[in-house]
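Accompanying notes for the structure given below.
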């Protein structure tokens, strides 16, 4: 099995938050089904709004095994390095990873939106529109082939940005050679007319790293 080579996405950093918040760590734990739904719904809502539109964007769903992997990553409190590939390979599939850190607790929707907002500095097919900006979180959030994910949060008291949020995405995005084309441009669901949910495809290829005829498999 040939593993996809991935570029690691850089970590999104939120400096000292303005104002106060009533959130605490327990409010953000991803063992809570309501938090899981918030995370998945936020991703799917954003994936539906990409511009230019995507014809092959898959619908995301929650996966508890991936969430456990994200939890292990969060518990490391290593905000400077992403999890080694061996630590985020699940079922033979290499998964992508996004980090978000903040000094005060923020909602998952806030962190996910911050990743997506990197699109303001991204041009499809070209990449970053200015030097020194991060776009890898955005391209992972909207990577068309990623369809399963899990997230976790940890409190890292020895870090200035102590609230550490981690999401992992399978299969991972930011594949070498096409990371600035995270999806195929076209009318929403044009690639999956019989398997569509409000602009997102619902026919993932679970054999993506094993078979070269995956496009045919997903039509069945």
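Cβ atoms here come from the backbone N, Cα and C positions, even for glycine.
Residues or ranges marked as disulfide bond by Swiss-Prot on the basis of sequence analysis: 77-156 (among others). DSSP assigns residue 77 (disulfide bond) to coil in the three-state reduction, placing it in neither a helix nor a strand. For residue 77 (disulfide bond), the number of other Cβ atoms no farther than 10 Å from its own Cβ, over all displayed protein chains, is 14.
According to Swiss-Prot, the disulfide bond annotation covers 95-170 (among others), on the basis of sequence analysis. Remark: residue 95 (disulfide bond) has 66, 69, 88, 89, 168, 169, 170, 171, 172 as non-local neighbours, by Cβ distance under 8 Å and separation of at least 6 in sequence.
For 151-167 (among others), the entry in Swiss-Prot reads disulfide bond, with the evidence type sequence analysis. Residue environment of residue 151 (disulfide bond) contains 28 other Cβ atoms, counted within 10 Å of its Cβ in all protein chains. According to DSSP, residue 151 (disulfide bond) is assigned to a strand segment.
The disulfide bond feature in Swiss-Prot is assigned to 189-196 (among others). Counting every protein chain shown, the Cβ of residue 196 (disulfide bond) has 16 other Cβ atoms within 10 Å.
The disulfide bond feature in Swiss-Prot is assigned to 192-201 (among others). Residue 192 (disulfide bond) falls outside any helix or strand according to DSSP and counts as coil.
Taking H, G and I as helix, E and B as strand and the rest as coil, DSSP gives the domain 'SCP' (41-169) the counts 44 helix, 34 strand, 51 coil. Residues annotated as domain 'SCP' in Swiss-Prot: 41-169.
Summarising the annotation, Swiss-Prot assigns domain 'ShKT' to 205-220.
According to Swiss-Prot, the feature signal peptide maps to 1-22, an assignment based on sequence analysis.
A Cα-Cα distance of 27 Å separates residue 189 (disulfide bond) from residue 151 (disulfide bond).
Around residue 201 (disulfide bond), the C-beta neighbours below 8 angstroms that are at least 6 residues distant in the chain are 56, 57, 58, 59, 189, 191, 192, 195.
Here the domain 'ShKT' (205-220) has a mean pLDDT of 48 out of 100.
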